[in-house]
């Protein structure tokens, strides 16, 4: 056993007794006793008190100077009184000990950029982007009407360029972006890799947007805010859906993010450098006209981000950007014929019947959490500008409050543009897609909001986690719901394929989908949609609306009728009655499908037999 | 230490990208598989894949409505549930029939096995659905809806083409559902109701054969009031036999009925039940049958009623007639594989 006293002996209290190192030992060395001694101690018995160890350390330290301190000869003069000082040989004793105590930093971490921090943040960003990619990739369905339309149009245009096949005219008049840009690019990818390839292009765009969002938010605030902004943006429904959706939106968002990045990145460069963003912005607008709604935000951002470096000259930067963009847009309008399309699809878009309340509700469901966080962030940022704990930070209180308020207003306010415009138009069409454009700009403020909620030194990380997980859950469920809103067209395409003949005429609800999948066998001009008809009877009189459909069916004008009851349910019922009444048609089959949210329906296909 | 951290980060990043790539691949594979199969045609689908209950694509019977060649049908004892009689018949006439008729009472279950058996032999099944115990008016009033729905669901699930002839010889007074008991209005209403129920269930794989008896014995009964309409009928099935009471010309047997039907519909016709009475004239009657069917493009073919019922209509009853039948049936225009119309 040990030689420990059997009875308790009170000892002076030593708070550092359990520490591995002590305050006494400030040379940075471990205060642990050398091995030999430790062993000795062990043999002696387990002294429970570090005091002894400290003593050893002290003794050890003291012994270092043994040679330097002259010692009285021992033995000779012991116990004898002395009356004279003996002279001893002088030896130099160092003024300073050879060890030194490092200066204690006033903060445990450094707020200056470092390679390590950059790489750690990028690593986290990669994880976020991986999550975003997985969320998008798990969605699956056949092509949506719009995807099919754009891709088929792209193929048509490419064929026209390469083989001089007839161009199905009129794309300019109803496409919400230039038919020559995205549709052609996507169709090119589609030609090699199919729909998945085209959708992958969108995924790359959305991942790129997340990356750029991180980058420009980091420059405006810091890594933490940037990561949270990217994390929030990456898991919202629109981002997830647009990442696997072959439409204009993903590239347009990417280009807007790229413009924002250029604007923020060039804030210290000469004002002229901001012009680099102009062509990118114009390209974004050309790819999707609705992007123009976000040009003012970028122009204001150009001024705000340069304020600290240029003062009032930052206005020149904004002016240059505005001028450059306007000039390029002017040139574009002069040499292309897109104005009609812009009016039709964007500025004069058909007014719907959706109420403001329902639109607000939808906006809140799909982007509300992020917007609320952004509002909170903007408010918190306006109240206090300091963005980190380090007492050595440059500009502890951040920029002035006016600037902060302005930045918060611009970024958060941008998120309101799309819902406001759609409420003006009373239409919910594509609302979720347009929300994402605004959320891209509100994301930095949402990042600030979450970081402020988490607090200094990550005091309440659970709040940040709570918000992100809530956003993730909403994003996952909503994106899946969104991808189930249209029927899987695979069996339909199979069923009607034998009926695709060069001269045949077809009536089809959402015919864009079969036209895309069966583009080798049919083309747009053979199809009439359920959105409108101009049927010319034997006498050459043109009939529109229900009358037009009725007469056409009665005359057996269509060789195939395909209805799904989704887009125009009332008309579809009417058409079904007419098809049955006419006696010319025989049912090829009904293919039932299930939609997300419990909806069911069926494709009904008739062919003319007499 | 720092380099170790870097290595670790790099490894983690690689692993992550690996996971990402894998998940991406699986999703891509699924997607591209979907679009590739969308391009695959349904033509020539064998019995096994077409009969799968999960088959999303309903069997398209339209190519069978008016094929280029003639149907060469037979009603044989036990067929199509048992293929024994069918094989004997095929051997006897030297050609595999491609339309097998059988009779089922209203209330019977759908004989999916029979249809599958026939299909495996390259033949389509024609089911004559006879409402012995249920008044046609009740059917029209929806009293048999559960039965019809179950039946239609079974037909849809099988996803193979079937011909249904409901309450045939309705214009005769000798059937329970004939002119004595059923009004044309009830008959049409019942027919439409059954048809609509089948369509609602998605059973579009049924070819509907509206089958009057030839008008010769019941000249006073007009057919048009009994006609459900072109939207509800695919074939006009004529039921008529060569008997010694009439002369043996094709037109003498079917002409009057055909002419009357042609006044209200242009739907293709088929001799849904026919045979010639045994006797000296039988060979000539058979010749007339083949010639009459061949001559008319709108005549899809015939079903030989090879039963001994009221009279002996079986071919084996007269070897000379059988020989003639065999000779004419060898013509390439009669019979084809219904699986590849």
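Even glycines carry a Cβ here, placed using N, Cα and C.
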Per TrEMBL, the range holding transmembrane segment, considering A:270-288, A:289-307, A:384-402:
A:289-307
From A:169-191, A:192-214, A:468-490, A:491-513, the residue range that TrEMBL assigns the feature transmembrane segment:
A:192-214
Under TrEMBL, the annotation transmembrane segment belongs to which of these stretches: A:95-114, A:435-454, A:515-534, A:535-554?
A:435-454
Of A:56-76, A:119-139, A:140-160, which range does TrEMBL call transmembrane segment?
A:119-139
Checking feature assignment: transmembrane segment per TrEMBL, candidates A:363-383, A:573-593. Which range matches?
A:363-383
Secondary structure content, the domain 'Glycosyltransferase RgtA/B/C/D-like' (A:196-330) (per DSSP, counts of residues):
119 helix, 0 strand, 16 coil
Across the domain 'Glycosyltransferase RgtA/B/C/D-like' (A:196-330), what does the pLDDT come to on average, as a whole number?
93
Long-range environment of the transmembrane segment (A:435-454) - Cβ separation under 8 angstroms, sequence gap at least 6:
209, 213, 216-217, 220-221, 224-230, 232-233, 236, 238-239, 242, 249, 252-253, 256-257, 260, 290-291, 293-294, 297, 363, 366-367, 370-371, 373-378, 380-381, 387, 408, 410-412, 414-419, 460-461, 463-464, 467-468
Which of A:192-214, A:226-246, A:289-307, A:363-383 shares the most C-beta pairs under 8 angstroms with the transmembrane segment (A:319-342)?
A:289-307
Which residues, given as numbers and ranges, are at least 6 beyond the ends of the transmembrane segment (A:363-383) yet have a Cβ under 8 Å from it?
232-233, 236-238, 401, 404-405, 407-409, 411-412, 415-416, 419, 431-432, 435-436, 438-439, 442-443, 445-453, 467, 470-471, 474, 478
